[in-house]
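Notes follow once the structure below has been shown.
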Amino acid sequence: MHFVTGGAFNGKSRWVRNFYQLENVPCQWVSAYKGETVTGFHKNGLVVMEGIEVWIRDWLKESGDNEVRTRWQNHLRDWLDWEKEDIHREIILIGTDITKGIVPMEAEDRKWRDITGWAYQDTAVLSDRVDLIWYGISRKIK
Amino acid sequence: MAEGSLIFISGGVRSGKSSFAEKVAADLAKQTGGNLHYIAAGKAYDSEMEARIQRHKEDRRKSGMSWITWEQPARLAELSEFFGENDIILFDCLTTLLNNELFLAEDLWRKQDFQEKVSSGILQAIAEIHQRCKAIIIVSNEVLNELIGGNKLVFTYGEMLGRLHQKIVEVANQAYLVEAGIPVQMKGEPA
């Protein structure tokens, strides 16, 4: 599992496309920004999921903080299990960093920001590789 | 003709990015013997801003180098003819310029073609100055690591700023992220 993070509009998706040469390599791209959710994976190969923070926000509308975090952790475990079944499988998770601003006025936004930060920590722990993208430049931090 | 260098410097508020940029500019000017130009995009519209501008002016005066200061809140390209081939240009800062250009007229920012015109105008101005002088140093801010939320205006501004940063870093010879006064080099050979 490969986690890619960085600020908004920093070129994270473009970096992933280049890094994995997705012009030539088939991949399943699931975008939370387009309202997509993960329902199941294709047989083998690369799966890119972008917009983790959006899923977290949506889940928080239906359940509490702890449930959401547990739900994310369970997903991560399931995905890792799936990945391990075949050497050609790889999961790439892209999440926008929303955690460095001034404390938001709205309690909902504070909660969203907190859970997203924790979800990213959980993701980083379980990933073999983590890259931070800064305006198209990557820095491997794990 | 050997193209001059383009250096991008970004950081949070009070990260020391302007001081670092001034030092880089002054060091380069010592090497080339060219003039040092400071382009300020900020307008003093209140006393706090006025004090901030004064502090920056004072810092530059203390540096012992003589700076030629330009106040240019918009239309950066208009200045390019004033620079010579050995000159060093410090532009502070991109976030303010984009703000000034984008919100020049009430509601124009909503129009996609206007957004594109603003972005390409800024990039072109930078390219023009870059071609004419020894070095251009562009200072900007880290503002994209926080909740952007549902506000269309903030979203548009963030998207444009992020894209501009990506394009500038792509052509930059060096790019730095300044954290707590420490410049972290993200691109280019160590100076």
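Please read every residue number as a count from 1 along the shown chain.
Just so you know, glycine gets a Cβ as well, placed from its N, Cα and C.
For B:HIS56, the entry in TrEMBL reads active site, GMP-histidine intermediate. Note on B:HIS56 (active site, GMP-histidine intermediate): other Cβ atoms within 10 Å of its Cβ, all shown chains, come to 18.
Annotated GTP binding site per TrEMBL: B:11-18, B:40-42, B:57-60, B:GLU71, B:ASP92, in sequence order. Using a 10 Å Cβ-Cβ cutoff, B:GLU58 (GTP binding site) registers 10 neighbours.
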> Between B:ALA41 (GTP binding site) and B:HIS56 (active site, GMP-histidine intermediate), what C-alpha distance do you get in Å?
Replying inline: 13
> Listing the recorded positions B:ARG14, B:LYS17, B:ALA41, B:HIS56, which lie under 8 Å (Cβ to Cβ) from chain A?
Replying inline: none
>> Name the residue among the binding-site residues B:ARG14, B:LYS17, B:ALA41, B:GLU71 whose Cβ has the smallest number of other Cβ atoms within 10 Å.
In response: B:ARG14
> What three-state secondary structure does DSSP assign to B:LYS17 (GTP binding site)?
Replying inline: helix
> Once the DSSP letters are reduced so that anything not helix or strand counts as coil, what is B:ALA41 (GTP binding site)?
Replying inline: coil
